[in-house]
Amino acid sequence: MVHHSGSIQSFKQQKGMHTSISEILKEKSLKPSRRSLPCLAQSQTHPINLNHFLSVPLSPEPKPEVKVLSQSISTSCSLLPPQTAEDGKDHYVEESEATTCETRADESFLLQKPVTRAKLEARTDSLQGKNRAGSSGLFFRDGKKRIDYILVYKKSSPQVEKRCTFEKNLRAEGLMLEKEPSLTNNDIMFVKIHAPWDTLCKYAEQMNIRMPFRKKCYFTDWKSKTLGSRFHLRCRQIKSWLPRNPMKLDKEALPDLEETDCYTAPFSRARMHHFTINNRETFFSNSTRSRIVHHVLQRTKYEDGKSKMGINRLLGNNTYEAAFPPHEGGYKSRHPIKTHGAQNHRHLLYERWARWGIWYKYQPLDLIRRYFGEKIGLYFAWLGWYTGMLIPAALVGVFVFLYGLFTMDSSQVSKEICEANTTIMCPMCEDTCEPWTLSDSCVYAKVTHLFDNGGTVFFAIFMAIWATVFLEFWKRRRAELTYDWDLIDWEEEEEELRPQFEAKYSRVERVNPISGKPEPFQPFSDKLSRLMVSVSGIFFMISLVLTAVFAVVVFRLIAMEKFASLNWYFVKKNWQFATSGTGVCINFMIIMSLNVVYEKVAYLLTNLEHPRTESEWENSFALKMFLFQFVNLNSSTFYIAFFLGRFAGRPGKYNKLFNRWRLEECHPSGCLIDLCLQMGVIMFFKQIWNNFMELGYPLLQNWWSRRKMKKGGGAGQNVDNKAQLPQWDKDWNLQPMNAHGLVDEYLEMVLQFGFTTIFVAAFPLAPLLALLNNIIEIRLDAYKFVTQWRRPMPARATDIGIWHGILEGIGVLAVITNAFVIAITSDYIPRFVYAFKYGPCVDKGHHHEDECLRGYMNSSLSVFESNNSLHRYCRYRDYRAPPWSSVPYEFTLQFWHVLAARLAFIIVFEHLVFGIKSFIAYLIPDMPKDLCDRMRREKYLMQEMMYEAELEHLQKERKKNGRRYHHEWP
């Protein structure tokens with residue numbers, strides 16, 4: 001709300017306003033005058049060197065920056081009437097309501113005399129002239145109108161009529177356009193778009209964009225300030241003695257993150273006097289301006305007909321080549337940022353976020369959100385939270401691995417396998433293979449003990465609880481971010497229909513039960529039929545995945561026979577490693593090949609469904625991509641974990657595939673090492689491939705673009721100095737953000753989360769690999785967003801969408817799979833049954849674990865009578881009766897004991913872990929209590945502020961017109 005110095009003085013005299021903030025905080029009650037105090041100093045959220053982004057200072061000489069160290073500092077601002085300008089045919093209104101504020105450590109408001117219009121205009125012109133030279137590509141040719149969006153088209157494009165109609169309609173909507181040819185390619189033309197003040201206000205009201213209107217006054221913590229002052233003072237003293245956290249960013253490094261905290265409300269032109277408009281050029285941030293222009297571009301027609309609208313369709317039919325908001329300048333500077341400050345927000349993000357030298361620092365989430373929008377800000381907030389939570393999981397996993405490493409040589413099972421020089425094992429194939437001794441697999445048994453030891457069960461329970469704690473505390477963190485970023489009420493206010501949905505179902509309308517307005521409606525029969533087609537496509541692709549897994553299984557069976565009968569001694573001795581390793585590599589290549597097909601199929605199926613909103617489209621596409629890639633990535637892992645060696649049969653009666661290839665068996669020490677090898681290889685190579693595709697591929701593309709640019713792009717032009725290019729030319733030569741937004745980024749991390757939790761019992765080093773990858777991933781993504789990609793459209797979001805539900809589903813699946821891995825895949829249960837039922841410690845009470853497992857390997861191997869003249873009897877892994885028994889080759893009683901123990905362990909493990917998870921989820925509320933109290937308090941304050949602001953405005957209007965006015969509501 002606009003106040004002049006005189007009105008502020010009279011207002012203080014009438015209301016008896018306190019003269020310092022410290023006096024305000026002393027009182028518990030809240031007077032109306034304090035709630036109507038305007039947010040006089042608008043947040044200076046821009047770098048120091050970009051003065052054209054800031055409010056225009058009115059003082060004749062620059063003043064040094066003053067750090068406020070006292071609570072009793074107040075400001076007073078003088079506002080000047082608006083200015084208007086006219087440029088050619090485009091008429092726009094430019095109001096520079098600037099403020100002059102002085103601060104000092106005194107307990108009184110200081111009133112500044114307003115500066116004359118002539119001085120203001122001279123000051124503004126000189127300031128814009130200085131910045132115009134250093135900000136090439138950010139304004140129109142007049143140096144005043146800011147570029148909010150860029151459209152790119154080719155002069156040789158035949159879609160001239162559509163483009164002309166579209167641009168004409170954009171001007172009719174209130175946007176200003178200016179064309180500029182490219183300096184690197186004669187065929188490229190840029191259309192610069194500027195949104196004037198009136199247009200911004202119009203669409204900000206339509207889109208219910210929340211804007212600041214009052215400064216926040218925190219009164220909910222008055223108890224802690226009075227009752228707990230000594231406690232907080234002691235805590236601050238103890239904290240000051242501790243060494244500084246090296247992961248935190250210096251406040252001096254991010255000076256523009258300190259902004260005034262204001263209450264916000266949906267913008268309304270009828271109540272514009274409520275809002276704190278110190279400068280019309282900075283009232284709407286750059287991201288908000290771009291979002292408004294994007295909203296107009298999405299809903300502007302280019303031909304007659306309801307379906308002929310939107311920039312997306314024009315990009316699809318090659319009318320335009322690209323559409324993007326411009327970056328705020330270069331990301332590098334000749335001068336160090338510590339001495340000369342940041343040139344722009346992009347430069348600041350690069351120095352304090354995207355550089356590799358600050359990999360250990362926290363992320364500047366507020367700055368990320370301000371530059372790229374809340375949606376991208378939430379992604380990096382979630383990624384940082386996930387990475388931080390991986391630290392305890394990685395430490396515990398390393399401890400479990402080290403426990404297996406230190407006990408590897410002393411393990412009783414490994415000793416028995418390594419010392420079994422006389423134990424003859426049955427041949428792996430019937431024709432060309434020969435019997436082999438159990439001691440040949442000594443190394444295999446020791447490596448298995450690294451992952452299959454006593455700490456496996458504990459780590460599986462720990463990771464199940466860790467997944468729950470991670471998700472519950474992320475809910476609290478998300479609640480704090482949505483409050484700080486003013487997203488609490490955004491979802492209900494701003495969810496918009498997709499233009500494709502409006503165009504498709506414009507003939508059928510119904511009244512929206514929330515807004516009460518008619519809107520396009522998709523009939524249930526149409527929605528059901530499209531959904532059935534989509535589900536059929538999903539099942540077809542999943543069946544294709546299973547077919548690929550079956551092909552890998554056949555390859556493993558063929559490779560097993562070839563390696564076991566090979567004349568090369570090294571391969572013949574380690575045929576199991578060779579079979580598993582080659583099978584994993586073949587499987588990885590198939591996985592990466594099918595991922596390309598899945599993305600296109602998911603895109604087609606999602607567009608076929610015609611989702612109602614952008615969030616519904618993204619959620620549907622994300623769910624399909626997750627289902628495709630999850631099945632593709634984990635189907636072979638599920639086969640190795642739960643099917644490998646379960647149906648192989650026994651010597652003399654082996655089960656064969658197509659009556660040709662014998663089914664694969666597990667090693668005498670278990671199948672867990674095969675599962676571990678599968679997970680380790682796929683996780684390692686997939687992370688390397690993803691990092692290359694995220695950074696290496698854009699770097700190569702941008703290098704090729706710069707190479708063509710140096711040659712003039714085939715147009716005969718030669719640009720020697722890239723720094724001389726305007727910003728739109730530089731951005732055009734960058735790579736666009738992928739068409740699916742953040743789906744690929746989230747998908748990569750969610751699949752990694754599945755690998756980290758679902759089969760973590762088989763691979764305790766998975767959290768460590770994930771942690772190392774994510775530390776690199778954060779800086780890779782930051783570098784990519786800041787330097788290699790065009791600036792994406794700053795979108796808003798309140799959460800991470802459907803991914804949170806997927807993460808919860810993975811957490812539930814992880815409990816079930818880890819229970820089955822421990823009970824079925826590993827040898828934990830057979831060893832447990834032997835130690836307490838059949839081992840030497842049964843009648844002697846409790847002894848050392850290794851002593852109780854003495855003779856375990858001999859107990860787990862059965863005897864087969866072969867036709868070999870050298871070795872009449874051979875051993876194989878199973879619990880079957882010997883050939884001289886009355887019931888030869890039938891399952892023994894120990895087999896049924898082990899089976900019963902496995903089923904009992906699965907039931908007990910699942911119920912125990914699910915109970916702990918539910919209890920922890922109940923104990924941790926989704927929103928902190930102090931945040932709930934603050935939100936309720938602010939809701940109450942906002943209602944009274946709006947009432948008093950409207951009352952004061954009407955009183956001023958009546959006083960100006962000479963009418964009598966009263967203090968009650970008119």
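Using N, Cα and C of the backbone, Cβ positions are placed for all residues, glycine too.
Taken straight from TrEMBL:
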type     : residues : note
DOMAIN   : 139-365  : domain 'Anoctamin dimerisation'
DOMAIN   : 368-938  : domain 'Anoctamin transmembrane'
TRANSMEM : 379-406  : transmembrane segment
TRANSMEM : 456-474  : transmembrane segment
TRANSMEM : 531-555  : transmembrane segment
TRANSMEM : 575-598  : transmembrane segment
TRANSMEM : 626-649  : transmembrane segment
TRANSMEM : 750-772  : transmembrane segment
TRANSMEM : 800-824  : transmembrane segment
TRANSMEM : 899-924  : transmembrane segment
Determine which recorded stretch among 531-555, 575-598, 750-772, 800-824 has the most C-beta pairs below 8 angstroms with the transmembrane segment (899-924).
800-824
May I ask for the residues of the chain that lie six or more residues beyond the transmembrane segment (626-649) and have a Cβ under 8 Å from a Cβ within it?
538, 541-542, 545-546, 548-549, 552-553, 587, 591, 594-595, 598, 601-602, 655, 662-666, 671, 674-675, 678-679, 682, 686, 747, 750-751, 754-755, 758-759, 762, 806, 817, 820-821, 824-825, 877
Given a Cβ distance threshold of under 8 angstroms, which distant residues of the chain, six or more beyond its ends, lie next to the transmembrane segment (750-772)?
386-387, 390-391, 393-394, 396-398, 400-401, 451, 455-457, 459-460, 463-464, 466-467, 626, 629-630, 633-634, 637, 641, 672, 675-676, 679-680, 682-684, 687, 803, 806-807, 810-811, 813-814, 817-818, 821-822, 825-826
Excluding the flanking five residues on each side, which residues at least 6 beyond the ends of the transmembrane segment (575-598) place their CB within less than 8 Å of a CB in that stretch?
428, 441, 444, 541, 544-545, 548-549, 551-552, 555-556, 559-560, 563-564, 566, 625, 628-629, 632-633, 636, 664, 667, 674, 677-678, 681-682, 685-686, 689
Mind checking which residues of the chain, 6+ beyond the ends of the transmembrane segment (800-824), have their Cβ under 8 Å from one of its Cβ atoms?
378-379, 382, 456-457, 460, 463-464, 467-468, 471, 474, 478, 615, 618-619, 622-623, 626, 641-642, 672, 675, 746, 750, 753-754, 757-762, 902-903, 905-906, 909-910, 913-914, 917
